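The structure is given below, and queries will be raised subsequently.
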Amino acid sequence: MLRAFIRSKSGLAVITGAGISTESGIPDYRGPKGSYRLGHKPVTYQEFLSNPIQRQRYWARSMKAWPIFSEARPSLPHIYLQKLESLGKIHYLITQNVDSLHHKAGSQNVLELHGKLREGICLSCKGIRDRTDIQSELEKKNPAWISKDSYTHDDPSLRADGDVEPQLQNQQYSTFLVPQCTCQSNAIMKPNVVLFGENCAKLVVDESFKIISQCDGVLLVGTSCSTFSVFRLVQEAHKHSKPIAILNYGETRADPLANFKINDFAGNLLKKTVEAL
């Protein structure tokens, strides 16, 4: 069924979620071992803006997790979605993930709906900084926070939003020095992602709707469609009678709108499907 669906298309919009990155060792939020199930509470946009301690907490935890997060490698879904793009089947990928693994896999047309952790953004001048440069600044400013903690991709302290619970028992977040922009000393540097409670940029939203308008079908992979920023795209496709297929293990918000759904993990099935085209 999936093979026939893909074979009949030449301009799919593929929407991906955290379910395709769990195979790369990056936790999700809503899965059986997701951050929500483990009681992890991500920082909200409002907290990040209004509370200096929350910013110190975020960057301290991010500094600890970045080395392992940045080393994550594409999973089978990333690899075989790139192959589908190279075969001319995919018009555009829309991902909710902020891990940039589609780019690492070689996909060319990718809209990162919720931003990218590989960048930081100054909220004053809107300047963009590479996360690797920010990491160097953080480590230089906070040598006492650099320890021999050993984290792995399956570490339960690793969070879905790219941070980790530090193992330093005696450190207080108030001592942590956050990254700064050169534009002004009190400028707030934020990860270039959509935090909880923050809206997607209008340009990104407009682009996502444009992609849906130009596609000849929608394939959802590894997403429960819980966020409205994605669900409304599926609603838009359904409104215009675009065929919708879902490949996801577990229930999704978009199930009632789909032409068909395969309740399975994406990796091996995508591999078999693409190799049989």
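Note that Cβ sites are derived from N, Cα and C of the backbone, with glycine treated the same way.
Below are the features I grabbed from TrEMBL:
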type	residues	note
DOMAIN	1-277	domain 'Deacetylase sirtuin-type'
ACT_SITE	H114	active site, proton acceptor
BINDING	C122, C125, C181, C183	Zn(2+) binding site
Where does H114 (active site, proton acceptor) sit in the DSSP three-state scheme?
coil
If I take every residue in the domain 'Deacetylase sirtuin-type' (1-277) and average their pLDDT values, what number comes out?
90
What's the CA-CA gap between the residue listed as 'active site, proton acceptor' and C122 (Zn(2+) binding site) in angstrom, rounded?
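Approximately 17 Å lies between the Cα of the residue listed as 'active site, proton acceptor' and that of C122 (Zn(2+) binding site).
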An 8 Å radius from the center of the C122, C125, C181, C183 Cβ atoms defines the neighbourhood of the Zn(2+) site; name the other residues of that chain inside it, in order.
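Other same-chain residues with Cβ inside the cutoff are L123, S124, K126, G127, T182, Q184, A187, M189.
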Tell me whether C183 (Zn(2+) binding site) sits in a helix, a strand or coil according to DSSP.
coil
Given a 10 Å Cβ-Cβ cut-off, pick out the one of the binding-site residues C122, C125, C183 that has the most other Cβ atoms nearby.
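That would be C122, with the most Cβ atoms nearby.
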Using DSSP and collapsing to three states, where does C125 (Zn(2+) binding site) fall: helix, strand or coil?
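Where C125 (Zn(2+) binding site) sits, the three-state DSSP reduction gives coil.
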Which residues of the same chain, at least 6 positions away in sequence, have a Cβ lying under 8 Å from the Cβ of C181 (Zn(2+) binding site)?
C122, S124, C125, G127, R129, A187, M189
